[in-house]
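Worksheet for the structure shown next.
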Amino acid sequence: MSINSDYNKENNNISPLNTSSERRSSLRNSLNNSSNNNNNNVINTPTANSINSSGNFSPKEFVSNIDGEEIIYQNQSVEYKQRLCTIQIKQSTLIIKFNEKGGFTKYLVSDTIVGSEITNESTNEYTIYSCVMNTLDVTKETRRRKQFSLRFRDRFELNQFNDKFVEAFLDTLPMGNPRERRIRVILNPKSGKKMSDSIFKDINELFKDSKIFVKKTVTKGPDHAKKIGYKFNLKKYDTIVFISGDGLFHEFINGLLSRTDFEQARKIPLALIPGGTGNGIACSIGLQDPMSCALAVIRGFTKPLDVSVIQQGDKKWCSILSLTWGIVSDVDIESEKYRALGDVRLILGAALRILNLRIYRGKIWYLPALELNKTEIAKIPKCSYSCEICESDNPISTIENVISQQQQNNTTTNQLRRSSLNNSSNGFSPKLNTSGSISNGNDDELRSMFSKEENIKIENEIHDHQNDDVLPLLKSSSDQHFIVPPTKLPNQQFLKETKEELFAKGWKVLEGEFIGIVASTVSHLASDFIASPTAHLSDGLIDLVVINNNKKFSKAGLLSVLTESSTGAHVKSDLIDQYKVQAMILEPSNDREGIIAVDGELISYGRTSMECMRACINLICRTY
């Protein structure tokens, strides 16, 4: 039985978001072909003093790739920093060459460009706005705003350059020119270290550079974001941005997928700018720097993200991270009292829980997606921006083929070594498809969802206005209070099936004593907690990690598991079993009360199912 690949089946009629290569932008393809895996750069040659990191390529390789591109526009008499320059526009780069002998050349890669404008018509001045790297260390990406001011000889040249620049770098973006877009920013002022408002002030300067329309909403308490997700006017915004931890995003998704028009609503691009304690989604997509996230919002490229349906009886929740039971949820929920300590609260909570360890009995039912042991699971390529597995029509077959290919190549390599025919290592190193396949969502629909707005506008909002409502509300005492109905996502009713029916459909069961479990659909639950290194954003699979109370158990070993989770190495422990599954059922024993959490939020303690819905929502991602 398979419930993973699509949702056009009788019981699952939700269709995954389109990830077809036909929807890739030509600009993105060119950038991948010319500078694969590059961080967006401003590079000065020949000295190669770069403002940004140059990633995994040398300046010579970069220049060679760019030299192969066609020149779209050229002007040899432009003033930059009071010096005469030649300006070239190519498909992926703006080039500024100083004309004097020995002058250097600047390359502004298109992925850093956020906007431009004619700043002074009387002096023919033009300003380009960008967001470039602060550091050469690509593992610690931080970005800053940077402006490039040019002066042209006359109005004709000024307008000609403006037309070519906008056409090449801004109009080609998936959601069109940023100045014609409308985004809504929702922030939680109490999230994490309470820095969300400060973060907004910083990134809003970049939004101003792009001339994007911004509406700011500050949440006023629990479930406010859920209510916004349920009733906001879908036609007013093309992107929803969150400044918070994962909790606010979780709330909004549960409102969004409760709408009667959820099939249309789920296509709207969503962006998460980390401002909380966990920030699992941001870490899973490699966007932990707020300014880098804002750049990604402006650029507007998206990838689909899996969502899981969690069910207990008639109650349902949507999950974007995980279902946890045992020590992980114990630490997460019980350490809330130490939230003022920031990330330290989890370390303190873990230490206290290990000293007073709880052992839980129960059953863990799961429907295998792949019959792989954890050594084989470790060989699955990690998710990337152009991910072969996430883009596949059948991720399970793709994973099986990758593992099989690795085994064949390893066998061949071993044979070559034994026969001494080749002393070098020719083992298979999995290379993901880098042709560029970031899904742009439904571009035509997105472009028609909003009208042109000339100037940026910031509106502080406590409650939506009456004309923002698009759905009938179940009112209580006032217009500000209403009940959001359960999620409309269709799921299979596994909790109603007997064990005989489950076994007949290929389910398996683990029974005994457990320290805890983590069932996740993304790699990270926090910056220092990589739950499953081989989890993918859109493969339709749940990574089930089980911490066993077996003969090899010790508190020292458990402490090692928790500390090594910061790198993902904990899955190698003898205490850990790992499975790639399509669905699972947790049956905790009633001999002691425990904690079950969905995305870090406490739910009732009892029999619980989890089912993954592939490519359910649209997430803003980077393109490099």
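Just so it is clear, glycine is given a Cβ too, placed from its N, Cα and C backbone atoms.
The compositional bias 'Polar residues' annotation in Swiss-Prot covers 1-16 (among others).
If you look up Swiss-Prot, you'll see 27-50 (among others) marked as compositional bias 'Low complexity'.
For 178-314, the entry in Swiss-Prot reads domain 'DAGKc'.
Note on Asp246 (substrate binding site): other Cβ atoms within 10 Å of its Cβ, all shown chains, come to 30. In the three-state DSSP scheme, Asp246 (substrate binding site) is classed as helix. As annotated by Swiss-Prot, substrate binding site applies to Ser244, Gly245, Asp246, Gly247, Asp332, with the evidence given as similarity to another entry.
Annotation comment: Swiss-Prot describes Asp246 as active site, proton donor/acceptor.
As annotated by Swiss-Prot, compositional bias 'Low complexity' applies to 407-426 (among others).
Under the heading compositional bias 'Polar residues', Swiss-Prot lists 427-441 (among others).
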Can you tell me the mean pLDDT for the domain 'DAGKc' (178-314)?
-> 95
